[in-house]
Every structure is written in C-alpha cells, then in structure tokens.
Amino acid sequence: MAGRTTFLREYKLVVVGGGGVGKSALTIQFIQSHFVDEYDPTIEDSYRKQCVIDDEVALLDVLDTAGQEEYGAMREQYMRTGEGFLLVYSITSRNSFEEISTFHQQILRVKDQDTFPVVVVANKCDLEYERQVGMNEGRDLARHFGCKFVETSAKVRINVDQAFQDLVREIRKYNKEQQTTGRMMTGGGGGGPPGTYAGKDPNDEGAGGCCGGCVVL
C-alpha cells in the first residue's frame with residue numbers, strides 16, 4: 001500500500017465553453033454529486049478530487065471557467081496551465097456548439113501545438129425536446145479534432161464521470177506519445193509524430209470503467 005501512495009499524479013483539467021451551457025453544473029455534479037439548478041455566471045472556480053481511473057490513482061485539479069465574453073482576457077492564462085480541456089456546449093444551443101471550434105483553435109494557438117488533449121462534451125442531453133444540435137454533428141466535430149465525444153446531462157447525471165475520466169485518459173495517451181517522440185529524437189524506439197492520435201477513431205473505443213473510490217479534497 002505504501003508503494004501506491006508514494007507518487008500521486010495531478011492532472012490540471014479545464015472546463016471551457018460558452019455561457020449557460022452547464023459547465024458549473026457538470027463540474028459540481030462530478031465533484032460533489034448534486035445538481036445546481038440556478039444559473040449564476042462563473043468567473044473562475046477550482047475544485048480538487050482524488051479518483052482511481054483504470055487502476056491508477058489520480059488527483060484531479062478541475063478549473064471551472066467563465067463563458068461570458070467579458071472574461072475572455074482570462075482565457076489565455078488558464079489555457080497556458082491546463083493539461084486537458086473539456087469543450088462543453090449545450091445540445092439546446094447551436095451558437096454554443098459553433099463556439100467550440102473557436103475555443104479549440106485558441107487552445108492550440110496558446111499551446112503552440114497541432115493537437116492537444118480535449119474531449120467534446122454535449123451537455124443537457126436530458127432536454128431532447130429542445131435539441132438544436134444533432135449527436136452526429138458533435139461526433140463529427142470531435143472526429144475532426146481527433147478526440148473523444150460524449151453526450152452528458154448534469155441534471156440526471158448521465159456520462160458525467162465518463163467525460164472527466166476520458167479526458168484523463170487522453171492526457172495519459174498524449175504524454176506517452178510525447179515520451180515516445182522524445183525517444184525517437186534521441187535514437188529510441190518507434191512511434192508517431194508529436195501529439196498525433198495514432199490508430200482508430202477514439203470514439204470507437206469502449207466507455208471505460210466507472211470512477212471508483214473518488215475523494216473530494
């Protein structure tokens with residue numbers, strides 16, 4: 001047991017998206033397991049939670065960010081420090097869906113990378129009767145980004161854990177690929193070019209296990 005606790009990997013996750021898409025509700029449902037009904041625009045909130053994901057302990061540092069345009073100047077700061085990003089839109093708002101590409105482009109520009117760990121999250125899937133964005137549109141956008149896609153509901157807790165777990169998995173995969181590339185540049189073994197997601201469409205993979213033994217810190 002002592003060996004398992006000698007090193008606790010911390011992951012800096014950032015939740016981004018337009019105003020009113022449910023970023024805070026999604027984050028609080030994941031961290032505290034309850035739904036926040038009232039809409040109170042966020043400036044910036046940070047949460048920590050310890051989880052076991054794929055038999056590996058992870059300390060998640062989750063930053064819930066402002067969606068309002070007046071706080072746009074703060075974006076580059078958290079984009080510089082984030083290791084992975086949940087790109088959240090609401091299925092009831094086409095405008096929020098169209099904003100996702102802008103957020104993604106800004107992340108790549110700030111990181112100076114061709115690709116970076118992200119997951120496209122279509123929130124409010126419980127409001128099917130108000131849907132403006134089809135599931136296939138979200139899946140196609142994620143495929144274009146080379147990342148995973150998941151539809152969620154913070155209200156009834158659908159796929160909430162999966163969204164955050166999938167982002168941690170994307171970060172782990174990205175870091176391994178970067179290490180492989182580093183070994184190649186120093187004469188090591190094979191691998192793909194920096195930041196590429198080799199193999200099949202990430203959305204063809206299984207949903208993965210549930211998050212066991214999570215602790216809010």
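Just so you know, glycine gets a Cβ as well, placed from its N, Cα and C.
Positions annotated as GTP binding site by Swiss-Prot, on the basis of similarity to another entry: 17-24, 64-68, 123-126. In the three-state DSSP assignment, the secondary structure recorded for K23 (GTP binding site) is helix. Cβ-based neighbour count (10 Å, all protein chains) for K23 (GTP binding site) stands at 27.
Among the features that Swiss-Prot reports, compositional bias 'Gly residues' is placed at 185-194.
According to Swiss-Prot, the feature S-palmitoyl cysteine maps to C210 (among others), an assignment based on similarity to another entry.
The annotation S-palmitoyl cysteine is assigned in Swiss-Prot to C211 (among others) on the grounds of similarity to another entry.
Taken from Swiss-Prot, the feature S-geranylgeranyl cysteine covers C214, and the record attributes it to similarity to another entry.
Residues annotated as cysteine methyl ester in Swiss-Prot: C214.
As annotated by Swiss-Prot, region 'Disordered' applies to 181-200.
Swiss-Prot lists 39-47 with the feature motif 'Effector region'.
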Query raised in the report: Just how many other Cβ atoms lie inside 10 Å of the Cβ on T65 (GTP binding site)?
Result: 27
Requested in this report: Let me know how many other Cβ atoms fall within 10 Å of the Cβ of G20 (GTP binding site).
Outcome: 16
**Report entry** Stretch-averaged pLDDT - the motif 'Effector region' (39-47)
**Finding:** 67
Query raised in the report: For the binding-site residues listed here, G17, C125, which shows the highest count of neighbouring CB atoms within 10 A?
Result: G17
